[in-house]
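Student: Just dropping this structure here.
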Amino acid sequence: DRQTLVAVLQFLRRSNLRESEEILRREARLLGDDLGGNVATVATSSPGVAAVAAVPPGKGEARGDCEVGPCSRREPREVGSPVSSPRGKVTHSGDVSAVVVEDQPDVSAVLSAYNQQGDPTLYEEYYSGLKHFIECSLDCHRAELSQLFYPLFVHMYLELVYNQHESEAKSFFERFHGDQECYYQDDLRVLSSLTKKEHMKGNETMLDFRTSKFVLRISRDSYQLLKRHLQEKQNNQIWNIVQEHLYIDIFDGMPRSKQQIDAMVGSLAGEAKREANKAKVFFGLLKEPEFDVPLDDEDEEGENEEGKPKKKKPKKDNVGSKSKKQDPNAPPQNRIPLPELKDSDKLDKVMNMKEAARRVRLGPECLPSICFYTFLNAYQGLTAVDITDDSSMIVGGFADSTVRVWSVTPKKLRSVKTAADLSLIDKESDDVLERIMDEKTASELKILYGHSGPVYGTSFSPDRNYLLSCSEDGTVRLWSLQTFTCLVGYKGHNYPVWDTQFSPYGYYFVSGGHDRVARLWATDHYQPLRIFAGHLADVTCTRFHPNSNYIATGSADRTIRLWDVLNGNCVRIFTGHKGPIHSLAFSPNGRFLATGATDGRVLLWDIGHGLMVGELKGHTDTIYALRFSRDGEILASGSMDNTVRLWDAVKAFEDLETDDFTTATGHINLPENSQDLLLGTYMTKSTPVVHLHFTRRNLLLAAGAYSSQ
């Protein structure tokens, strides 16, 4: 591509290899002036890709919109002088400075950017000087510029450590680490253990911080103020770090308030760039296939009051086609290949619709009953729970590497007969599906052995024929619920797999783990179909969008990402949580996403606009379970604080301010108080809530293991 080409040509010119340069230029049909000092090439917006900048000759003062970090692909990048090069020299007009950072960093290459850049004894003075300037600036700018404290603190500390000024680094850390925001405490703890150059070699946090530019969103006024200050003070040390390690996303308009900034920051790499949330997302639902619903005789007998059956009759043909109109925001029906409906699936859909007709309409006046399944004496350590869509089975994953499946209805779990017995069955008989089951195997509980480490995630297939489990042993296993045996072990992750989930249409499933990537699989492929890479820490939870075209992943880097299944692109990045994400739930209409984390907050996101639209405070510990009711009126959250809380989802999402300005700048206005959205809090005696599930009639099922402490 053109950028790489220009970078190579510039390198050849600097190395005085004119002949090679000419040959390459002729090959690429580039004209002579394409490399002159007057062209600014465009840098890509992915972190850690070569950013090549040429400086306009004769322009003395800095004049770019976006001098800091690579811009988006569309706008040309203008860079004024001075431009910092990796060794800290300041190159002036006419010169060309190339800052090249590899994508998969070789550690030494990454660290070399920390080569000596200034007098180590002055670092504290530089930092306190900037701190004083920001604290004395106007309120409207102070909140925005305060975002600089943390990334500058980290980079200056790492620079001192790398250049072996250990005592200066120690005193710098001790003097300023108390000033950082409370939500960076865990990162600072890791940082405080890096006290020697050698420590930095294999440290992941360190590499992340070096290779991904820390993103700050600042208004143009605040940015100009900062730039003027640093240039007047000749404070090149800080300016170099700003240029090299930070990406400043500048917007036009009012600076944001402290509350607005606090709501959005806190992730490992700062906020998301606004560009990251601009792509179109098809969040609508797919059209349901149409088929006729036969009315049962028992239904009609049950309705013996006069007039009732007549009312019910017309419903007969249209139940199967409940969404005749195509949702304008839905993806094309064939955007990704989905499995065909089998007859059994159609039967199940019919059952589902009959249940839906008897569904309770929930709301502030009509809260659901909650039925709690407590795992008693679970000394094997309960680590994961799932419940089938029709609420007939519940599965537990345990730390002793077993997977246990229970039937929650009077109907016992049975395996299929042996091959010899099956050959005796009359295949034409009506009850052949009953006859193939072996009554001798009937029991309430089946235990599945196969994993060699704790089981961290479980998921039933929509047709209830299969079960997925993922484990610390790095595998995802697919079990048959007809034979209760393991069918496949999917090996792709090399480290623990924290979560797995089936697509709402079956066939596809997703897994996420310690290796920081999520993988999309199909049950009949032993290799993943897509690998979603981008998180800076473990992928802790995964969820399919109701239309199966997108996957949400939550991570220990404190961000949530939305991925497009079709092409593997990341189409949304949501920042705002102050701790690792542990639960995700899409609203039934596909428009919204709720996320829960170790910070005890539930955040609500508008997927179409890519904005945070709500914050629900109340829990005092990690939120491990989130679920919307079947019609989306109520959001239930379950936490390690032993409570289930119910929130009014209708009210939370009504009259949202999503005008163009808000979308463009991220000036979100969250209601001060989320208590008026809280409909109820339900305590257990001593059972952390690890799973929630609404039945087809809107009864809420909750599950957890009793803890005796």
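Backbone N, Cα and C atoms are what each Cβ position is placed from, and that goes for glycine too.
Straight out of TrEMBL:
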- 63-78: compositional bias 'Basic and acidic residues' (COMPBIAS)
- 293-304: compositional bias 'Acidic residues' (COMPBIAS)
- 316-327: compositional bias 'Basic and acidic residues' (COMPBIAS)
- 118-246: domain 'TFIID subunit TAF5 NTD2' (DOMAIN)
- 63-91: region 'Disordered' (REGION)
- 293-347: region 'Disordered' (REGION)
- 375-416: repeat 'WD' (REPEAT)
- 448-483: repeat 'WD' (REPEAT)
- 490-521: repeat 'WD' (REPEAT)
- 532-573: repeat 'WD' (REPEAT)
- 574-607: repeat 'WD' (REPEAT)
- 616-648: repeat 'WD' (REPEAT)
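Situate these features within the shown structure.
Tutor: Mean model confidence of the repeat 'WD' (375-416) amounts to 91 (pLDDT, 0 to 100 scale).
Outside the repeat 'WD' (490-521) by six or more residues, the chain places 338-339, 453, 456-463, 466, 468-478, 527-533, 535-544, 546, 548, 551, 553, 555, 563, 565 with a CB less than 8 A from a CB of the stretch.
Taking H, G and I as helix, E and B as strand and the rest as coil, DSSP gives the repeat 'WD' (574-607) the counts 0 helix, 20 strand, 14 coil.
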Student: Which residues, given as numbers and ranges, are at least 6 beyond the ends of the repeat 'WD' (375-416) yet have a Cβ under 8 Å from it?
Tutor: 348, 351-352, 422, 436-439, 441-460, 462, 464, 467, 469, 471, 473, 479, 481-484, 690-691, 693, 695-696, 699, 701, 703-706
Student: Other than its close neighbours in sequence, what residues sit by the repeat 'WD' (616-648), given a CB gap under 8 Å and a spacing of at least six beyond its ends?
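Tutor: Counting only partners 6 or more residues beyond its ends, the repeat 'WD' (616-648) has Cβ contacts under 8 Å with 356, 359, 361-364, 367-368, 370, 579, 582-589, 594-598, 600-604, 674-675, 677-694, 696, 698, 700, 702, 704.
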Student: Please give the sequence-distant neighbours of the repeat 'WD' (448-483): residues at least 6 beyond its ends with Cβ less than 8 Å from one of its Cβ atoms.
Tutor: 342, 344-345, 348, 381, 383-390, 392-393, 395-405, 413, 415-416, 489-502, 504-506, 509, 511, 513, 521, 523
Student: Could you put numbers on the helix, strand and coil content of the repeat 'WD' (616-648), residue by residue per DSSP?
Tutor: 0 helix, 20 strand, 13 coil
